Amino acid sequence: MTETPQRPRRLRVLAAMSGGVDSAVAAARAAEAGHDVTGVHLALSANPQSFRTGARGCCTIEDSRDARRAADVIGIPFYVWDLAERFREDVVEDFIAEYEAGRTPNPCLRCNEKIKFAALLDKALALGFDAVCTGHYAQVIVREDGTRELHRASDMAKDQSYVLGVLDDRQLAHALFPLGDTVTTKDEIRAEAERRGLAVAKKPDSHDICFIADGDTQGFLANRLGKAEGDIVDESGSVVGSHEGAYGFTIGQRKGLRIGTPAPDGKPRYVLDISPVDNTVTVGPAAALDVTALTAIKPRWCGAAPTGPGTYTAQLRAHGGETQVTAELVDGELQVTFAEPVRGVAPGQAVVLYDGTRVVGSATIATTTRTATAVA
């Protein structure tokens, strides 16, 4: 069966333009491919002046202006759509609630699922567009029978398929990723932008969480949830330190622990468990982080759901590596067993399954199994 990247026919494309170089080049490539492209910048902050500190953050008035200038150079219509309230409800408040519950969310996945390929896509389809184009590094491969598959980018070093693993068949059918099927370095993308006359060619990349411009996640959460002093305990339950809010930690964390009593072996301690119920954080040795299996909920499939147990590779973080697993859907939940123990797996994170380069689907980690103990 033959396969081709993306789609050959001319489409009405809505290009999401963040004001950065990747989305600008993606829009330019879509237009160059012959599609009827319109640019749109998403206003996601009620206070856009506070969304950037240096190279951090995004979604500012400056970004909107950069996106408009890029659209003018490309020669496409351009609009700004205000989705700030939807973003606050579906991404920011979800982020806060997940941390408050002791879990570790990924707001980029949630934004793709709820904003770019839901709120934006729905509005685009209602206006007669065929597809939404973004600057993500991933590939949509169309099989001979018309089936669309999400694959890793040709350049594995820049692959972003993990944060797109939440897309279902309907969303994937209207997704366009012009950057994903070529092996190019970021310097080459910037050089292409410069050749095209795009002023964003030298604009720094944004980093970290877009709505936490200074990168201080704990400070952001403390401002929203307030300080709540509690104990840091070791595996025996002995108090070894204190904290100002259990919500400010994540499984596997080492830095920022206020521990007054050193470990008997003198080795570093890591966060093993977070209990919002009694506001305690449990710490222990690195070896205690070894996870052999996990259960994940709310699975979303890029194609048909697996009908039985299978062998896959799994990715657990946006910039994490692959690991071999067996996985099976049991009573609507994904049961995953690792071929070798892995560390730093936190409830709330997404597990994305791959068959080679193809994204099979994703689910949200609910519990993990370490040796003989399940952690929720």
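Placed from the backbone N, Cα and C atoms, the Cβ positions cover glycine too.
Binding of ATP is attributed by Swiss-Prot to Ala16, Met17, Ser18, Gly19, Gly20, Val21, Asp22, Ser23, Gly135, and within the candidate set Leu42, Leu44, Leu109 the record adds Leu42 to that site. In this structure, the C-alpha atom of Asp22 (ATP binding site) lies 8 angstrom from that of His136 (site 'Interaction with tRNA'). Geometry remark: Gly20 (ATP binding site) versus His136 (site 'Interaction with tRNA'), CA distance 12 Å. Binding of ATP is attributed in the record to Ala16, Met17, Ser18, Gly19, Gly20, Val21, Asp22, Ser23, Leu42, Gly135, and the widest Cα separation among these residues amounts to 16 Å. Spacing of Ala16 (ATP binding site) relative to Gln349 (site 'Interaction with tRNA') is 25 Å (Cα to Cα, whole number). All protein chains considered, the CB of Ser18 (ATP binding site) has 23 other CB atoms within 10 Å.
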